[in-house]
Structures are given as C-alpha cells and as structure tokens.
Amino acid sequence: MSSPESALPPALLLLGPTASGKTASALALAATLPVEIISVDSALVYRDMDIGTAKPSAAEQAVCPHHLIDVVSPEEAYSAARFCAEASVLMRDISARGRIPLLAGGTMLYFKALRDGLSDLPPADPVLRRAIEERAAAAGWPALHAELARLDPDAAARLEPTDAQRIQRALEIVTLSGAPLAASYARREDAPLPCRLLPIALAPSDRAVLHARIEQRFDQMLAAGLVDEVAALRERYVLQPQMASMRCVGYRQAWEFLDGEIDRATLRFKGIAATRQLAKRQLTWQRQFRDQWPELVELDCLAPDLPQHVRDTALRLLGA
C-alpha cells in the first residue's frame with residue numbers, strides 16, 4: 001500500500017558545502033527538467049550582496065525561474081521559519097504549474113527545518129535585541145554569557161562566551177518564554193509539506209581539493225571587488241557588524257578591513273579560514289542527514305562529470 005506522502009508531487013533537493021558545484025549542477029538539471037529553483041541560502045536572500053555570496057548571475061538566473069534570491073534588505077533579518085513558510089508556498093505553486101521545485105543551497109538549518117519542522121520559538125523582538133546589544137557593548141559578550149549561565153546553564157554550556165549571535169538569541173528566547181531553551185525546542189510545529197522530498201547531497205572525496213577550490217574562489221571574490229561591495233553596502237544601508245547580513249563569511253572580514261582592524265593579507269587569510277570552517281559545519285550537517293534520511297543520495301562533488309551524475313540521479317529519483 002502506498003503512503004500518503006507517495007501521492008504528493010516531487011521536489012528535488014540539492015544540498016552541499018560551499019564551492020561544491022551546486023549552482024552548475026542545478027543549472028544542468030534546468031536544462032533537462034522543467035524545474036524552478038528555490039534558493040536554500042541564508043545569504044542569497046539579501047539584496048546588493050552579490051560578490052561575497054557567489055550569487056548566480058543574471059544570465060544564470062535567466063535559465064529558469066529562481067526564487068528566494070534578493071528578497072530582503074541587508075538591514076533585515078531572515079529566519080528559518082520565514083524560509084519554511086515561503087518555500088512551502090513556492091513548492092505548492094510550482095507543482096500546480098506542472099513544474100518541479102528544485103531546492104538548492106547550503107544552509108543546512110533550512111533543509112532540516114523543512115524536513116523536520118520548527119520548534120515553537122518566540123519570534124525575534126527588535127526592542128529586546130537592541131537592549132541586549134547595548135548591554136553587550138557596555139559589558140562584553142562574556143558577561144552576557146555568564147548571565148545566560150545563571151538563567152539557563154545547559155544552553156550556556158553549549159555556547160562559547162564570544163558567540164554573540166547565539167548568546168543573543170538564547171537570552172531573547174529565555175526572556176520571552178520564561179523557560180529554558182530545551183523546553184521551547186521540545187515544542188514543535190509540524191506543518192505538512194506540499195511535496196515529497198527527493199534529496200541529493202554533494203560531498204568531496206578529498207577535503208584538500210575542496211579547500212583549494214575555496215581558496216581560489218575567495219581570491220576571485222576579492223579580485224571581483226568584495227571590499228568595494230561591502231563599502232558600498234555601508235554607504236547605502238544603516239548596518240552594524242553584528243547584523244546577520246554582515247556576519248556572512250567574507251563580509252565580516254571585509255568589514256574589519258574597512259574599519260582598519262586588519263590588513264588585506266589578514267582579510268584574505270581569515271576569509272579563507274572562515275569559509276573552510278563553514279564547509280566543515282555544512283558537511284557535519286550532511287553526515288547527520290545521511291544517517292537520519294535513508295532516501296538521501298550522496299555524490300562526489302569532485303567528479304569531473306558531476307552535472308551528468310546529478311541529472312542521472314534526479315531522473316532515477318523521479319522515476320523518469
């Protein structure tokens with residue numbers, strides 16, 4: 001007997017670490033299948049952030065419809081909850097048009113939230129966030145980490161005293177909910193998905209080769225004007241270095257360079273190191289997915305004919 005999920009229209013998922021060839025593989029799928037691409041990338045949502053995010057070019061975006069790119073200002077926050085809500089609507093609409101949603105990107109939290117549902121967490125509170133930031137500016141994030149340790153020892157134990165983003169969110173949740181993080185995460189909101197998910201993951205057979213790709217791509221970003229892009233963003237928008245957009249890899253380091261905190265050689269070194277750390281975290285997520293998601297198919301992102309492998313795998317998953 002078929003499951004209710006098997007009656008749903010299909011949605012392809014293409015996930016992988018930075019510099020793994022996701023864009024080229026997604027466009028190869030678009031040349032074969034009637035797909036519309038839904039970006040699963042917490043950096044591509046920001047307008048005017050093109051170089052450091054490796055945003056698909058106008059020509060690449062013209063190959064097929066792209067969604068969830070350039071949807072918010074760099075001054076705004078964009079959450080996993082908003083992604084899930086917007087991606088679900090898009091998946092339903094794309095399927096209704098007789099086309100196939102292709103969710104491609106490297107923000108693994110978004111993939112997990114889409115698959116497993118979201119915890120019932122309170123939404124961001126701008127006033128409370130500003131108050132926390134002001135206290136951090138006066139006392140330092142380690143002091144706020146100590147405060148979190150008094151309110152929620154388990155949450156604080158999982159965070160470094162300098163992890164500003166997560167300390168801020170943890171304090172926000174504990175303050176708004178009046179309960180430890182674990183209690184909030186235990187409450188889940190599971191909305192049924194409009195599609196059955198067919199996941200393809202890209203992973204390197206040789207981590208050193210991926211690291212070399214990352215180094216080359218970061219050098220290309222610098223040559224293309226990453227620093228000038230960040231300078232223009234600072235002129236155009238009211239930004240702070242702790243904002244989510246400016247915490248993106250490359251942007252954080254360019255901000256430090258523009259503030260005179262580091263020289264260009266250090267910018268390059270720190271940018272490459274941060275990108276490698278990002279790739280490591282992404283691959284850690286993927287290993288968890290591989291263990292928990294039996295239908296996931298993993299391909300070597302270093303294979304010379306990767307786009308063909310992705311096409312063949314997608315066709316097999318679709319039963320075409």
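Including glycine, each Cβ sits where the backbone N, Cα and C put it.
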Looking at 31-36, 235-240, 247-252, 265-270, which one is region 'Interaction with substrate tRNA' according to Swiss-Prot? 247-252
Segment assigned the feature region 'Interaction with substrate tRNA' in Swiss-Prot (from 150-154, 160-164, 165-169): 165-169
Looking at 41-44, 253-256, 257-260, 293-296, which one does Swiss-Prot call region 'Interaction with substrate tRNA'? 41-44
How many other Cβ atoms are found within 10 Å of the Cβ atom of Gly21 (ATP binding site), counting all protein chains shown? 20
In the same chain, outside Thr18, Ala19, Ser20, Gly21, Lys22, Thr23, whose C-beta lies within 8 angstroms of the Cβ mean position for the substrate site? Gly16, Pro17, Ala24, Ser25, Ala54, Gly106, Leu202, Cys301
Could you work out which of the recorded positions (Lys22, Arg129) has its C-beta surrounded by the smallest number of other C-beta atoms within 10 A? Arg129
Per DSSP (three-state), Thr23 (ATP binding site) is helix
Write down the Cα-Cα distance for Thr107 (site 'Interaction with substrate tRNA') and Ser20 (ATP binding site), rounded and given in Å. 13
Using an 8 Å cut-off from the Cβ centroid of Gly16, Pro17, Thr18, Ala19, Ser20, Gly21, Lys22, Thr23, can you name the remaining same-chain residues around the ATP site, in sequence order? Gly106, Leu202, Cys301
